[in-house]
Amino acid sequence: MSNVTVIGTQWGDEGKGKIVDWLASRADIVVRFQGGHNAGHTLVVGEQVYKLSLLPSGLVRGKIGVIGNGVVVDPRALMIEIDRVTAQGLTVTPETLWIAENAPLILPVHGALDRAREAARGDRKIGTTGRGIGPAYEDKVARRAIRICDLAEPETLDWKLDEVLLHHNTLLAGLGADTFTKEELKAFLAEITPRLLPYSCAVWDRLDDARRAGRRILFEGAQAVMLDVDHGTYPFVTSSNTVAAVAASGSGVGPNSVGFVLGIAKAYTTRVGEGPFPSELYDAVGRTLGERGHEFGTVTGRPRRCGWFDAVLVRRACRVGGVSGIALTKLDVLDGLEEIAICVGYELDGEKITSFPSAPGAQARVKPIFETMPGWNETTAGARSWAELPAQAIKYVRRIEELIEAPVTLLSTSPERDDTILMRDPFED
Ligand code: GDP
Ligand code: IMO
Ligand code: MG
């Protein structure tokens, strides 16, 4: 029996939330360890649809949810989300939600700087969610972040805010954006402190107790390997590491607690925001995938760019992510397509290559090499067993396994929680 860590293997929105929700029934604690409210996870449970950004998906199953120190926390967004899910009937209390006291806060200056910088970039924008994620992580490594535990020492906030404002107002003014006063930020912190502090605790300590007591921990990644700040399509990435290794440092446990690494991959590919996407489709098939897959960003509502499954990228994600097995989602979206293609390599400046280059210019220039296979007419939507799948769909899954050099251990065939096929229980590995 081991813990499980779920990570995305493409550019996000692979269906991590659905899979985490499904696996959470077998776990005791679900931990978010990186990212912030740039994430958007949709969970469908019967008639109810839960849209979560910061709250760990396990809360929907009544499990303990943890926000680790690796997450950047926008306290206002968090409270709005808690209020929303409470109205949907969930119970969120300091007993069921633990937030790391050493997690950095996202302040109003961060969102403002994120948006001002994106506006200034014009055509060269990254396409961020505009939620202040990048600037908040920058402040963390620059050692000027306000962390949750600082709220318990209000006498220190004055000089900490001076340092924050010195940096951010200089930049905001330079970009021609509105600056902030200390009073504004103090009022913001005073407003959120009484609601936020009760959730704050030594997460590392509680997780260590849980681990010793043999409780099962499920680590819930946000974003995905191709958005990882080191391993992704830099600079068109998010500002955190998204690989499984970060589940440990982002929650305060040792690397041996990460357990089985379940990579989530969509049966095709999508991306929101700017940046290279070799297997992108600009034709009617791409539009069909977008429509059938309801490919609109959960956070920003932007239409997601769609393309064929890129086996080269997912193979790389599996390697750098230490993936033990894959959950392949949205197979049903491919139902009824006459032909399906998989990207198996690239051509770069007339040469064939089998791995994705690191330089952004080369990443933008690569042309995909596709392998095609016939599709299937039968429906896979709602299938709950391997036996219900058409032979051609099974062939597609098997081919993907071969190409990415990782086993498919779970299959998802609809947004619904239980429309899931389990080949190997990751908790039993
Ligand atoms: P996440 O960010 O990785 O959690 O993914 P999102 O929730 O942002 O996007 C995935 C979308 O696909 C959501 O709307 C899910 O309800 C939906 N979804 C998840 N798995 C499946 C599936 O197997 N089939 C279909 N049709 N939809 C799915
Ligand atoms: P989930 O967890 C898809 C993308 C943004 C942008 C880039 C940087 O739902 O899979 P940021 O605001 O993080 O600085 O934006 O990263 N991005 C995501 N794309 N799913 C996500 O999360 C994402 N989180 C960030 O669109 O291209
Ligand atoms: Mg999402």
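Every residue, even glycine, has its Cβ placed from backbone N, Cα and C.
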Could you look at Gln88, Gln223 and say which one TrEMBL places alongside Asp13, Glu14, Gly15, Lys16, Asn38, Ala39, Gly40, His41, Thr129, Arg143, Thr238, Arg302 in the IMP site?
Gln223
Do you know which of the binding-site residues Lys18, Gly40, Arg302, Thr413 end up with C-beta under 6 Å from ligand 3?
Gly40
Please list, in sequence order, those binding-site residues from Thr42, Gly301, Thr413 with the Cβ less than 6 Å from ligand 2.
none
Here are the binding-site residues: Val299, Leu331. Which has the lowest count of other Cβ atoms within 10 Å?
Val299
Give the number of CB atoms, excluding that of Arg302 (IMP binding site) itself, located within 10 Å of its CB.
13
I need the nearest neighbour of Gly15 (GTP binding site) among the binding-site residues Thr129, Gln223, Thr300, Pro303, Arg304, using C-alpha distances.
Gln223
Can you tell which of the recorded positions Asp13, Gly40, His41, Thr413 lies nearest to Val299 (substrate binding site) in space, using Cα positions?
Gly40
If you measure C-alpha to C-alpha, which of Asp13, Lys18, Thr42, Thr300 (recorded positions) come within 10 angstroms of Thr129 (IMP binding site)?
Thr300
